[in-house]
Amino acid sequence: MVNLRNAVHSFLVHLIGLLVWQSDISVSPVAAIVTDIFNTSDGGRFKFPDGVQNWPALSIVIIIIMTIGGNILVIMAVSMEKKLHNATNYFLMSLAIADMLVGLLVMPLSLLAILYDYVWPLPRYLCPVWISLDVLFSTASIMHLCAISLDRYVAIRNPIEHSRFNSRTKAIMKIAIVWAISIGVSVPIPVIGLRDEEKVFVNNTTCVLNDPNFVLIGSFVAFFIPLTIMVITYCLTIYVLRRQALMLLHGHTEEPPGLSLDFLKCCKRNTAEEENSANPNQDQNARRRKKKERRPRGTMQAINNERKASKVLGIVFFVFLIMWCPFFITNILSVLCEKSCNQKLMEKLLNVFVWIGYVCSGINPLVYTLFNKIYRRAFSNYLRCNYKVEKKPPVRQIPRVAATALSGRELNVNIYRHTNEPVIEKASDNEPGIEMQVENLELPVNPSSVVSERISSV
C-alpha cells in the first residue's frame, strides 16, 4: 500500500512537471520512477518536452476546466430557474451533461496520451473503455441537437398537438431514447476491443479505433445521418416561421382544416355588411383602428420568441457543424483512401481535429450566455454564489364586492391597501350598464402601494 501511494504521488508530481517545468530542471529521479512504473505494466515510454514550457498542455487544461465549469452552470440554471423549465431546455440540460462528461472522462485521458507522445500509458483494457466513452458522449451530443431540431419544428408546425403532448414526462422519454441510441452505437467498441486488441491499438502502442468497417458505419450513423436530419428540419423551421410572420403581417391567418376559402370569404363579407348597417356613421379611421386591434399581437410575439430561440439553437448547430465536420470527414477519408493517402498526415490531422471537436463541448455555455438573458443572469448569480430562488410575495384576499359597471367595455377599480375599500371610477354615462360581480382577488400585499386593475366587463 505504501509503495502504491508513493507511485501515485510520484505520478502526480511528474504530471505537473510535464505541464509547467522546463527541461533544464533536473527531474530525472521522478521521470525514472514513472517510466519504471509504466514500463513494468504495459511497455509505455515517456517523452519529456524539449526546450520550453509546455504551454499547449496548459491551454488544454484550461479548456478542460472551462468545459466542466460552463456545463455545470447550464445544468444548475435549468434545474433552478423556473423560466427554463420547458422541453427544449431539458434537452439542453441533457446535452450539457454529455458535454460535462466529455470534460471529466474523455479529455483528461486524451491529454495524458498527448503528454506520452500517443503511447497509451494506462492498463491496456482501459483503452477500449475510453474509446467507447468518447463515442458515447460525442454521439449523444449529436443526437441531442438532432432531437432538439425535430422538436422545435414540430412545435412550430403543429403547436396545438405539440403543447398537448409536450409534458415533462414526454421530454424525459425523448431524452432517454437519445441516450439509448448513443449507448447502442458505443457498446460494441469494448466488446470488439477486448476480443481483439488490434482493433483498438495502432502499432501496439497508440490507443485509437482501428476497425475500418466500424469507423465507416459509426460515422454515418452517429454523424452524417443526424446532420442531414438537422439541416432539413432547420431549413423547414425557418420556412414555417417566415410564412407565419408574413401571413400575420398582411392580416391573414391560416385557415382551419375542413373550411373552404369561399366559405371564409362569405363569412367575412357578411360580417362586414352587418357592421356597416349597424354603424352607418362610423368613420374610416375607426375601422382601421379596429382592424389593427383585431390583429393577434400575442401570436406575433410568440413567433418572434420562436425566431429568437431558433436563432440561438441555429448558432449552436452551426458551431457544432464547424467543429466536428473536419474530424468525421478526415476519419472517412482515412478509411476510403487507406493506400493512396499519407497515413501519417491523416493521423496528425485526426489528432488536431478531435480536439477541435472537444472544444465544442465548452462553447455551448458561451452561446447561451451571449444570446439568452435568462441564462446570462443565472450564470452571473451563480458565479457570485447567489443561489437563492425568487419567491413570490405574500398574497392577501380582497372581500367579495358587487359593483355595477356603466362602461360597456372596461371598469377601473382602484383598491387602496390601507382601507381595503374599492373605489369605482365610472368611465362613461352614455352606454348601458352591465351588472358584474367582482370575484375575490389575490394580489401582493404592499401597504404603501396603490394598485389599479383593469377588469373586463364581458
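Glycine residues also receive a Cβ, built from the backbone N, Cα and C atoms like all the rest.
Under the heading N-linked glycosylation site, Swiss-Prot lists Asn39 (among others).
The feature N-linked glycosylation site is assigned by Swiss-Prot to Asn204 (among others), with sequence analysis given as support. According to DSSP, Asn204 (N-linked glycosylation site) is assigned to coil rather than to any helix or strand. Same-chain residues at least 6 positions away in sequence with a Cβ under 8 Å from that of Asn204 (N-linked glycosylation site) are, in sequence order, Glu197.
Positions annotated as motif 'NPxxY motif' by Swiss-Prot: 364-368. Sequence-distant contacts of the motif 'NPxxY motif' (364-368) (same chain, at least 6 residues past either end, Cβ-Cβ under 8 Å): 70-71, 73-74, 92, 95-96, 99, 312, 315-316, 319, 375-376, 379.
Positions annotated as signal peptide by Swiss-Prot: 1-32.
Swiss-Prot lists 56-80 (among others) with the feature transmembrane segment, giving experimental evidence as the kind of evidence. Under 8 Å from some Cβ of the transmembrane segment (56-80) lie the Cβ atoms of residues 18-20, 89-90, 92-93, 96-97, 99-100, 102-104, 107-108, 111, 114-115, 355, 358-359, 361-362, 364-366, 368, 374-375, 378-379, 382-383, 387, 389, all in the same chain and six or more residues away from its ends.
Annotation comment: Swiss-Prot describes 87-111 (among others) as transmembrane segment, evidence class experimental evidence. Long-range Cβ contacts of the transmembrane segment (87-111) within its own chain (Cβ-Cβ under 8 Å, at least 6 residues beyond either end) map to 57, 60-61, 63-64, 67-68, 71-72, 74-75, 78-79, 122, 130, 133-134, 137-138, 140-141, 144-145, 147-148, 151-152, 166, 168, 170-172, 174-175, 178-179, 309, 313, 354-355, 358, 361-362, 364-365, 368.
If you look at the transmembrane segment (129-151), the same-chain residues 6 or more away from its ends with a CB under 8 A from one of its CBs are 87-88, 91-92, 94-95, 98-99, 101-102, 105-106, 109-110, 162, 174-175, 177-179, 181-183, 185-187, 189-190, 193, 200, 207-209, 218, 222-223, 226-227, 229-230, 233-234, 237, 313, 316-317, 320, 324, 357, 360-361. Taken from Swiss-Prot, the feature transmembrane segment covers 129-151 (among others), and the record attributes it to experimental evidence.
The transmembrane segment annotation in Swiss-Prot covers 168-189 (among others) and rests on experimental evidence. Sequence-distant contacts of the transmembrane segment (168-189) (same chain, at least 6 residues past either end, Cβ-Cβ under 8 Å): 85, 87, 90-91, 94, 128, 131-133, 135-137, 139-140, 143-144, 147, 151, 200, 209, 214, 218, 221-222.
Positions annotated as transmembrane segment by Swiss-Prot: 214-236 (among others). Same-chain neighbours of the transmembrane segment (214-236): 135, 138-139, 142-143, 145-146, 149-150, 152-153, 157, 182, 185, 188-189, 192, 199, 310, 314, 317, 321, 324, 328, 331-332, 334-335, counting only residues six or more beyond its ends whose CB sits under 8 Å from a CB of the stretch.
Marked as transmembrane segment by Swiss-Prot on the basis of experimental evidence: 312-336 (among others). Long-range Cβ contacts of the transmembrane segment (312-336) within its own chain (Cβ-Cβ under 8 Å, at least 6 residues beyond either end) map to 88, 138, 141-142, 145, 148-149, 152, 212, 215-216, 219, 223-224, 227, 230, 234, 343, 346-347, 349-350, 353-354, 356-357, 359-360, 363-364, 367-368, 371-372.
Look at Swiss-Prot and you will find 348-370 (among others) tagged as transmembrane segment. If you look at the transmembrane segment (348-370), the same-chain residues 6 or more away from its ends with a CB under 8 A from one of its CBs are 60, 63, 66-67, 70-71, 73-74, 92, 95-96, 98-100, 102-103, 106-107, 110, 114, 118, 138, 141, 208, 312, 315-316, 319-320, 323-324, 326-327, 330-331, 334, 376, 379.
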